[in-house]
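Below is a structure I'd like to ask you about.
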């Protein structure tokens, strides 16, 4: 198949219709200047051949192929190729009958493309198959060598060169098919997994379920048959029994009628007797009432007793108050005495501390005064020494004054010491004279002193004992106050609890112990009492009440035995439902359902059971009541979760609306219980608070009792302490007022004074020593001053500065101590004032105690008189009450007689009523039996035919052989089972199972087929792998021979070959080896650029020669070659590729001079044009003659060649 004509219109630079004819059968060349459009001719051919990678035709999209992208008014690009198809052997499959094949491809603005084959529109794949069948696959071309292919081959690695050999051998297609086969196998494997999964996860379980359903269906059929048999037996029995009832005679009816008349007479007689008893009862009651009335003696006595009782209570209260006042005043006095002792002790301590502090202050102040005087003297000395003038008038200059002063101090100290010694001598003399008197006084006062010391020791012991006692009047007062407050709170809360309990009296479950020593802990109580609603959940209380409904009032017990005992012997006042914890079938919704509901309405849904609190022991009951209902915040959430297919649970909103998955909705009003849960919760909280207050009160009482015991001990110890203090005070006064005591005191005073004077002597000696030392220092300083005046003055100024700093600190200390001393003096004065006030209060307390005690004594006397009067009045009242009791006894007898007669009449009326009901029942039973017989005959038509066999032996209706009661129980059980099975049974199971089994067989057959196909594919791939290896080896050898030959023709005397790399096989890759000048080169990098291009070109041509195509397109493959090599390539085309049509684009004369036809492209006025030049005897398909050329001749004709201009038709 060869190109005859090429028609280009609107394609790239060919704006006008350009008709290129006269293509040579063998060798065509296209040349022209750069940008003239020569390569666009090759692009047009590739465009028609169906190229998909537009980068090979230098375009980014199809619109780029239209002249100026359609902006010059040209809206489509069209290229038509007319192929010669006279060679039937090389004709495309299906086109053998056509001599010419015309293929057109058009592209419109917007990218729409269209193919036309021989005037008919064709699909792209049809066109692709057409060209692929003649080795012209433009998308994987070995016939198309574009610019850059030479360079690409030079840079190929061994695997890439091997890929070229595979392409030439045709095994590349096998690889592609192999990849497809592997993908197909992967899909088959996926299909196998899918089928296996369906069999294991869907069909298998489904079949298993259907088999189980089949067994259930067969069981269901058996149950139906058995039900029909039992139902006939039971119906026949009922029919026969009712028939007997209808035929039963009226025996005993006459006697019952007579008994009925007797009872009516007896009742009339009893009514008359009861009436007479009532008259007597009213007469006795009126008589008693007269005695009890206001004017009666009993009323008068009762009033007197009440009045005396009031007086007694009133007087007792006032007396207790007075006694309490005495106790309080005594306690107050004790506290005041204690405070007085503490204040006196505190005053003593403060006075001692003040005296000590004042002594320290005087000493520090004297030291500070001395330092002040020294600083002043130093200043005067420095001034005097510096100026030579005395600082004060009348004083001597400088050191002399200080020296004289120090000598005076020393002299004065000596004088004071002598005088003090003289005084000590006189005092010691007096002491010596007093010694006999002192010894006698001590002897005389020894007994009193020992008694005083003993009393003081006992005082200390009692004070220590009192301190150890854990009694505090303030604490006791606080506890009494707290006790009063707690009692007030308890009374108030008890009233509140009683009120709340009365409102909830309907919830009280009262019962009598059914057995002796009955354990009441086995009865847990009502459901409403057992739950607790926390504060944060109280908003849901209405919903919880509706959720529980009537079960709120159910009674929870441990076991069914306890429940049975309560019902039989518990004397229950009302009907109740009992929940035994060990038997109740508790149910709680699954966690998955609850989680799903909470996902549907986050934060708005929860299980009712989760919103209440309860003890673990009643969990089963709580689950029974609250375990399968959802509580929702609003109606929207309730509707969403209730009807969701994964939830389908009953829901209740906070407002009380009930949503049922069956489709019903209830609501619109509050529950009748009226917030019973909130009331129960409030009652529980109140009872818990009351229990807490009682516990606190018990604790306070215990503390008060302990404090009162300690208080008693304190009072006893305090009384003993007061007595001992008083005794000690008397002993001290006695000792202080006696002459012996005065002698002892004088001796003690003299001894103390002698000690003080001896201390004064020591101070005088120290003072004289310091003064003499100062005299020496001053004399030394005077000498130093004389020798070095300036240095001495500077040293004196430094000492003065340090002395001033020390004086400043000392002065501040003096001021601080002075403030402390003044503060202590104020505290002493304040304590003295408090002591005076405390003594006055003690005096007032003594007076109050005396007054209250007198009043208490008077009230006790009055109390005795009132009690005697009360006892007299009470005796009279008791005697009168005895009389009233006689009246009561007679009234009770009459009432008992009346009750007895009334009970007798009630029994007669009950028997009468029973007889009446029995007679009515007989009539109704006959009517009912007749009606039942009629209904049974109507409902069961078989009765008419079978009733003669009812009750007969050896028939299905033999009632002696068959236990009818067991049959009834069994029938009831089977009917329940039948109802359950009917809901679960699949009536279509037999047909469904047959369908699923067929599907299983089909899938298993398909699985077998898929696995079989997979094995075949694997075997085929294995065989083709061997074939591929053989074909590759065969192709490699052929291409290798042609490669060396072509390279030898292009570069005389040299050779080349393809070999696997070292230590590798053919299947791993091939590399090029070159022999130049008899030397095999190790690498292509040793060759020049032209030699490497010839190597690549030789390899490409060898591959082309292995599998010739009808047409080859080469685009400037000689770009890197010199002229001689270019000519050799042209000759090579003519000699080695005689059966193919070459279309070569080249700019070198050495190439296109070898062509039979040369097309020159020109670019003029923005449009490409083409001229044809026939250079040799051309072989165009179907003719060999030359045509006259058109246009102007070429500017430089080729020698020895006839050049003619090709006909170029332009329809622009």
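Along the chain as shown, the residues are counted starting at 1.
Each Cβ is built from the backbone N, Cα and C atoms, and glycine gets one as well.
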In TrEMBL, which of 321-348, 349-376, 377-404, 405-432 is labelled region 'Disordered'?
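TrEMBL lists region 'Disordered' for residues 349-376.
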Which residues, given as numbers and ranges, are at least 6 beyond the ends of the region 'Disordered' (349-376) yet have a Cβ under 8 Å from it?
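Same-chain residues near the region 'Disordered' (349-376) but 6 or more away: 800, 803-804, 806-807, 810-811, 813-814, 817-818, 820-821, 824-825, 827-828, 831.
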Across the domain 'SMC hinge' (521-642), what does the mean pLDDT come to, as a whole number?
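Average per-residue pLDDT within the domain 'SMC hinge' (521-642): 87.
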Within the region 'Disordered' (349-376), count helix residues (DSSP H, G, I), strand residues (E, B) and coil residues, in that order.
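Output for the region 'Disordered' (349-376) reads 28 helix, 0 strand, 0 coil.
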Just to be sure I understand, if DSSP states are collapsed into helix, strand and coil, how many residues of the domain 'SMC hinge' (521-642) fall in each?
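For the domain 'SMC hinge' (521-642), the helix, strand and coil counts are 68 helix, 19 strand, 35 coil.
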